């Protein structure tokens, strides 16, 4: 027996771990967080602050500051996200115009700003002013003719290639995580996965700069998806300034959910749509408190962007429109047809894009990201320049397609044959026969539609920031405008048909082609992303037209039904699966009749489960076990014979605890006994000090019995965000099920490759 004095002397040393030490509770890269543990840690922290607040005024003030820190973070996120979005919009506007010409009075002005600052510009000639010169006028003093066209064409391609090359080089050298849309990874991060550096400062800086470059290059991509990533980087940066969020991964994800809402708010000028997007599409855990904070962050972001006023029209987006005519019941049929088109386009796009991205991953193509971007940019610029609808920025194209033809419109799409006797107010121009310009525009739009459909498949997923919202909306808007003009002309020439007779009298303004473009845009975006509620809200916030909610809802629901008939996955879920991220989708249903015993490890024929005993293993034994295995943690049992479960110890915390003990506690050597019990084990007098590690032990690990249906296990993993779950029978440990095991089993049941789940 050891003498009592010796035991008491070492007791104080052995309990040193009752004080927290650095890095305990943190996670390694490409690991999943333990939501239950993070929640209980936050509850403990909150309880401690509440108890302390009663001790003194200073502690009470500190507790108030802690309570307000969440709102302060939201305010900062909103301000920074709104500012960055405004700067990006202004820079894109200028650099897109730079491909075609330059402003002589101030080179930093875009075409529109240049001409509006020139005093002698008339409204009709607002796009032509002496201060703005095309490159051909500046270099060879010619504005018309073949040589001028060829020079402008050549410089357009050259600028596009320069912007794209700069963007892909910056991403490759400084921030490889700045590529792509960012939404699949953010969905995975919000579900509890750790990707260090994905929301870092370098990623934020490079993504902001390269986003301007790629959108200006004229590639078929948008800035809306990447703006969500940018806003989440802002959220991550500000949450690291407050210990409440920086030390708790679960709380940090609440901030990131709100940041995603702010990102959509500034991308579309739709604060409520942003909150719903975060709730419906991105977030995994979304408590009511996060809903309010998301709303506040989205409001601040929208207000900041409105203060910057990047488009000069006091609106938050370029394609804000107002329609003056109502829609009629008979028009629901073409709206639903556009919904079907959107669903089919979504299915086609997802299948082709995933096939191409898989090819990029598995062949030599993936080794040459710079070359791929250059080739796609060159093809895009060469084909885009001759067609006026593909030459301009995609946002401007959507803006023109959404527009209603007023009396002051100079667009080709508004080249109708006017009735010379017409004396009506400006807002209510009757339906008219299409002129030659409209037919010309229809052909150009049809070619633009084919081009956009094909080129977007190859553009999305390259090693540059690339959003999918704007190209999808462009495809739908082009298709919608073509259908709208078709219905309008049909109603004009056949107003005596039974479907038109009730609502379309001669001389009335019955059909608004711009509305069809808007409905088509919503249908295609819904087909690709499978959004419904948030999509409709974003679209009506964009257009300010509450009375058009029914057409938008009809198109969004139809496109989702049609797309879901071919496959349940949206584009973001498809990319998550392609990259092998451990994401348990709440929307997936598990209906197979398997049991926990079928999935748990070890299986028959495999070596027994690696476990720790509560008071009989030495430091050397534990270090050897850690070295020989790569498991994230180890169950702790009474003894290897009884296998009665005590708790669960995380690998990272074991390593840190032993390392800390060796540094701070004398007498801890390789043959020191590690114990997880309240009382130390009895050891001979001359043996080294034992090491108490009870503090790092999780005494309430989640357990299920071996006959629990896998349907229930999957539900538990989803709803509680578990990392692992232990399988027992009558208190005896049988095995373990990790999140990765669940995902592999689900893939196997769906006849997919279970090894595609790559990450821990």
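From the backbone N, Cα and C atoms, a Cβ is placed for every residue, glycine too.
Note: TrEMBL annotation is automatic and uncurated.
Database features (TrEMBL):
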DOMAIN    600-664  domain 'CBS'
DOMAIN    697-755  domain 'CBS'
TRANSMEM  68-92  transmembrane segment
TRANSMEM  153-175  transmembrane segment
TRANSMEM  195-215  transmembrane segment
TRANSMEM  227-243  transmembrane segment
TRANSMEM  255-279  transmembrane segment
TRANSMEM  332-356  transmembrane segment
TRANSMEM  368-385  transmembrane segment
TRANSMEM  441-461  transmembrane segment
TRANSMEM  468-487  transmembrane segment
TRANSMEM  515-540  transmembrane segment
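Residue counts for the domain 'CBS' (697-755) under DSSP, split into helix (H, G, I), strand (E, B) and coil, are 24 helix, 19 strand, 16 coil. Same-chain residues lying 6+ beyond the ends of the transmembrane segment (515-540) with a Cβ under 8 Å from its Cβ atoms: 264, 268, 270, 272-274, 276-277, 279-281, 321, 323, 327, 334-335, 338-339, 341-347, 349-350, 398, 401-402, 468-469, 472-481, 483-484, 487, 546, 548-549, 551-553, 555-560, 562-564, 569-572. The recorded stretches the transmembrane segment (368-385) and the transmembrane segment (227-243) do not share 3+ CB pairs below 8 A when only pairs 6 or more apart in sequence are counted, and are therefore not in contact. For the transmembrane segment (68-92), the most Cβ-contacting stretch among 153-175, 195-215, 255-279, 332-356, 441-461 is 255-279 (pairs under 8 Å).
Beyond the ends of the transmembrane segment (441-461), by six or more residues, the same chain brings 180-181, 219-221, 345, 348-349, 352-353, 356-357, 360, 376, 379-380, 383-384, 387-390, 397, 411-413, 415, 468, 471-472, 474-475, 478-479, 481-482, 485, 571, 575 to within a C-beta distance below 8 angstroms of the stretch. When the stretches 153-175, 195-215, 227-243, 255-279, 468-487 are ranked by Cβ pairs under 8 Å to the transmembrane segment (332-356), first place goes to 468-487. Confidence annotation: the domain 'CBS' (697-755) carries a mean pLDDT of 89 in the model. Counting only same-chain residues 6+ beyond the ends of the transmembrane segment (227-243), those with a CB under 8 A from a CB of the stretch are 69, 72-73, 76-77, 80-81, 84-85, 88, 181-183, 185-186, 189, 199-201, 203-204, 207-208, 211, 251-252, 255-256, 258-260, 262-264, 266-267, 282, 301, 465, 467.
Tertiary proximity for the transmembrane segment (195-215) is limited to same-chain residues at least six positions away from its ends with a CB under 8 Å from its CB atoms, namely 29-30, 84, 87-88, 91-92, 95-96, 163-164, 166-167, 170-171, 174-175, 177-178, 182, 185, 188-189, 221-223, 226-227, 229-230, 232-237, 256, 393, 464-466.
With DSSP classes pooled into helix, strand and coil, the tally for the domain 'CBS' (600-664) is 24 helix, 17 strand, 24 coil.
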